[in-house]
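K.L.:
Below you'll find the structure I mean.
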Amino acid sequence: MSVQSAIKRKTAPDIRARKGGDPIVMLTSYHAHTASLVDRYCDVILVGDSLGNVMHGFETTVPVTLEMMILQGHAVMRGSQHALVVVDMPFGSYEASKEQAFHSAARILKETQCGAVKLEGGVRMAETIAFLTERGIPVMGHIGLTPQSINTLGSFRAQGREEGSWEPIEADARAVSDAGAFSVVVEAVAEPLGRKITETIAIPTIGIGASAACDGQVLVLEDMLGLSPRAPKFVKRYGELGPGIEAAIKGFAEEVRSRAFPGPEHVYGMKTKS
């Protein structure tokens, strides 16, 4: 048995069993190198469709394709060993029918070897979630602010902050849980609502701008590292890597232009005859 195969990777049932226990730690990653770093400290690595914003410069996640998700999902699997890897199902890959969702999700699992998929939507996607889980595909749900719905929402604004606006979101949470999802991301909702959902559904909630009471938390890696020029209110910057990277690039450019780089230690001399 190889060392790689002997290492136990976390599974969807492992995460499901964490309900009410130690907080679940989740970050995004899209590359093998960052995945190897995130893997040391996180329970779950999300290959998010936010790669459309972070890697490709799209304004929204809508243009992201299934092929993009599979390519980066495979890279993250190669770079990680311990964490459960969850790959987002992109817009247009699952909404048309349960069968479309199954074929897309099966491709993701087969071609990346990840442990689960994530899809957006509550009540409207409950039948699809049940269809997938009954066929051996673990599903993480996503309710509250659902970025793939930006064209109908109109803007990225927090949900459940108005009087009488909780019930549809609570219904979404119940539907996802009852359909068999192993966990659910709750994004950008009023804090009391995030707390209530966590207390009332059977599966772990993973908050992103929801509540400290959630069973876990997730952020986009580039946001928390200070690499994104703009970040939502719910992001805490744990680093400011942007200025450091810019300084390194500037230093390289200056040394190339002044011919200070490469120096003697960076080039190869002739071999001497023995």
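Residue 1 is the first one shown; counting continues down the chain.
Note that Cβ sites are derived from N, Cα and C of the backbone, with glycine treated the same way.
Sharing the record's features from Swiss-Prot:
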- E187: active site, proton acceptor (ACT_SITE)
- D49, D88, E120: Mg(2+) binding site (BINDING)
- D49, S50, D88, K118: 3-methyl-2-oxobutanoate binding site (BINDING)
K.L.:
Show, in sequence order, which residues other than D49, D88, E120 on the same chain lie with their Cβ within 8 Å of the centre of the Cβ atoms of the Mg(2+) site.
P.N.:
G48, S50, T61, V64, M89, P90, F91, K118, L119, H142, P147, Q148
K.L.:
Can you tell me how many other Cβ atoms are located within 10 Å of the Cβ belonging to S50 (3-methyl-2-oxobutanoate binding site)?
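P.N.:
Within a 10 Å radius of the Cβ of S50 (3-methyl-2-oxobutanoate binding site) lie 21 other Cβ atoms.
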K.L.:
How far apart, in Å, are the two Cα atoms that lie farthest from each other among D49, S50, D88, K118, the residues recorded as binding 3-methyl-2-oxobutanoate?
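P.N.:
Farthest Cα pair among residues binding 3-methyl-2-oxobutanoate: 13 Å.
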K.L.:
Other than its own, how many Cβ atoms are within 10 Å of the Cβ belonging to K118 (3-methyl-2-oxobutanoate binding site)?
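P.N.:
That number is 23.
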K.L.:
Just counting, how many other CB atoms are there within 10 A of the CB of D88 (Mg(2+) binding site)?
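P.N.:
Neighbour count, Cβ to Cβ under the 10 Å cut-off: 28.
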K.L.:
Highest Cβ count within 10 Å among the recorded positions D49, E120, E187: which residue is it?
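P.N.:
Per the Cβ count within 10 Å, the most buried is D49.
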K.L.:
Find the one among the recorded positions D49, D88, E187 whose C-alpha lies closest to that of K118 (3-methyl-2-oxobutanoate binding site).
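P.N.:
Closest by Cα distance to K118 (3-methyl-2-oxobutanoate binding site) among the recorded positions D49, D88, E187: D88.
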K.L.:
Could you give the Cα-Cα distance between S50 (3-methyl-2-oxobutanoate binding site) and D88 (Mg(2+) binding site), in whole Å?
P.N.:
9
K.L.:
State the Cα to Cα distance, in Å, between D88 (Mg(2+) binding site) and the residue listed as 'active site, proton acceptor', rounded to an integer.
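P.N.:
Their Cα atoms are separated by 15 Å.
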K.L.:
Please report how many Å separate the Cα atom of E187 (active site, proton acceptor) from that of E120 (Mg(2+) binding site), as a whole number.
P.N.:
11
